[in-house]
Each structure stands twice: as structure tokens, then as C-alpha cells.
Amino acid sequence: MHQYHDLLERILSDGAEKHDRTGTGTLSVFGHQMRFNLGAGFPLVTTKRLPLKAIVHELLWFLRGDTNIKYLHDHGVTIWDEWADANGDLGPVYGYQWRSWPTPDGGHIDQIANVIDMIKRNPDSRRLIVTAWNPADVEKMALPPCHCLFQFYVVNGKLSCQLYQRSADVFLGVPFNIASYALLTMMVAQVTGLKPGEFVHSFGDVHLYSNHVEQARLQLTRAPRSLPTMTLNPDVKDIFAFRYEDFALAGYDPHPHIKAEVAV
């Protein structure tokens, strides 16, 4: 995972001091790209321990089209608690836009089902896109989408995915995002009869919060270890049929967790 360490180092050396919505302060760079060959191992950061359960359940929650944290709580995941209202609702966030994008005539578009169908029918299409950035709904969301658009690409029987992330908390959020979209790429590849190719992660404002600087410096003193492998249950052929038990991670030997506070 040298790609991630290179990004941390770039921000620490070249980042501009910027004010931000949370009032915490950041070091920020604009425009960066990382590439991960999914055939070389599952890109789960090894220089600190990450909670795979939370990553998997959050992705399954998105794919359900869910926007209430009850499902997450039922599975011991609390990463969205700070933004939910008293009823656990978040407004029309990721899951809603992915699965039920509203149309002017009162209908809804299931972008996930549509893109999978298009990959099967026309894999050379340049329109294999899902977006969560809906300007009409942004003000209704508890948190506007940070990872806001992704595109699939098929060549030589392999499926690749590129994510555009407008805003990225490099210490806490980005390791989650890498693993989540790598896993989504593997899932979509399986249900479309393809092999996983690359995950390409492109950023707009990628930043290190001022209260994460020492943690990032600590992480950079640790040597990355071999990537683990992720295996999916080969019997699952429907993207919406995956369950937590269908994922098996092997060979994950990370350095210890590094505690840091989330900026809300």
C-alpha cells in the first residue's frame, strides 16, 4: 500500500493550510490519483488495523438503498451516528441516490441495477457511471456525498472502477473508501462474469485534519506488510444477494490501530 503512504507524505510535505466546515483545520492538496491492481491482493491498509466488518456492512447498507442507521446498529456499526437525526435518518444519501434516484415525473432510477445490466449488454460503453451527487437533494442530506461518482471500464475480460472523491479525510476516511470500492468492484465483476481489474481512486480536495497529523507521522514510521486476499462466495450471482458471510479475508496482519477523532 505504498500508494496510500505516498499520499500521506505528499500532504505532509506539500499540503496547504485550509479552513474547513468543521472548524478543525486541514493540510490539503487538490488532485491526486492512486491505482490498485486487484489481482495483487486486497487493498486493505496494513500500517494500522481497519475494521473490515464496518466496511462490509456499510457497503451492503448502501446497496440496500437504505438511509437509516438501524441496519448498521443491528450489526454493531456506528460510523454514521454523528450525522443521523433523532430517528436515525440521514436524508437522501448514498443508498437512496444509488438505488432510487428521483426523476421529474415522480419515478425512480436504480443506478446499480442499470449499470450492471449495461455491463452485461454493452461492456464497451463509456456510460457505465453511478453518481450520488444530486444537486436537487444535496441540501436535504445530513452529509453530502464525499465519494460522489464512479465509472466502470471493461477490457480483456476484466472490470475496473474509477472513483471520483470530491472531499477526502485521508487518515480516517480514505482507507475505508479504498477497501469499500475495491470490494464493490470485485462484487460487480463476479455478478457480470468478469475478473477484477484495477481500482483507480481520484481525488479533488484530499486533506489531513490538523488533529490527525501526529497519527499520520506515526503511521508513516510503520512498514507496510503483505496485502491480504479477499474471497467472495462464488454462488452469489445477484449484487443485492450478498451477505456479510459471503466475504472471507485471509492473511490480514496489520500493525495496531491508531486512534483519531472524526471531524463532524
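Glycine is treated like the rest: Cβ placed from N, Cα and C.
The model shown is predicted, which means the values in this text are computed figures rather than measured ones.
Straight from Swiss-Prot, the features:
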BINDING   ARG21, ARG126, ARG127, ARG166, SER167, ALA168, ASP169, ASN177, HIS207, LEU208, TYR209  dUMP binding site
ACT_SITE  CYS146  active site, nucleophile
BINDING   ASP169, ALA263  (6R)-5,10-methylene-5,6,7,8-tetrahydrofolate binding site
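Taking the features listed in Swiss-Prot, we show where each one sits on the structure.
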| residue | record | contacts (Cβ under 8 Å, 6+ apart) |
| --- | --- | --- |
| ARG21 | dUMP binding site | none |
| ARG127 | dUMP binding site | MET118 |
| CYS146 | active site, nucleophile | GLN165, ARG166, SER167, ALA168, ASP169, GLY173, ASN177 |
| HIS207 | dUMP binding site | ILE11, GLY15, LYS18, ASP20, THR26, LEU27, SER28, VAL29, SER167, ALA168, ASP169, VAL170 |
| TYR209 | dUMP binding site | ASP20, THR22, THR24, GLY25, THR26, ASP169, PHE171, ALA263 |
Near ASP169 (dUMP binding site), how many other Cβ atoms are within 10 Å of its Cβ? 23
Using all protein chains in view, find how many other C-beta atoms are within 10 Å of the C-beta of SER167 (dUMP binding site). 19
For HIS207 (dUMP binding site), the three-state DSSP class is strand
Considering each pair of residues in ARG21, ARG126, ARG127, ARG166, SER167, ALA168, ASP169, ASN177, HIS207, LEU208, TYR209, all listed as binding dUMP, report the largest CA to CA distance in Å, no decimals. 36
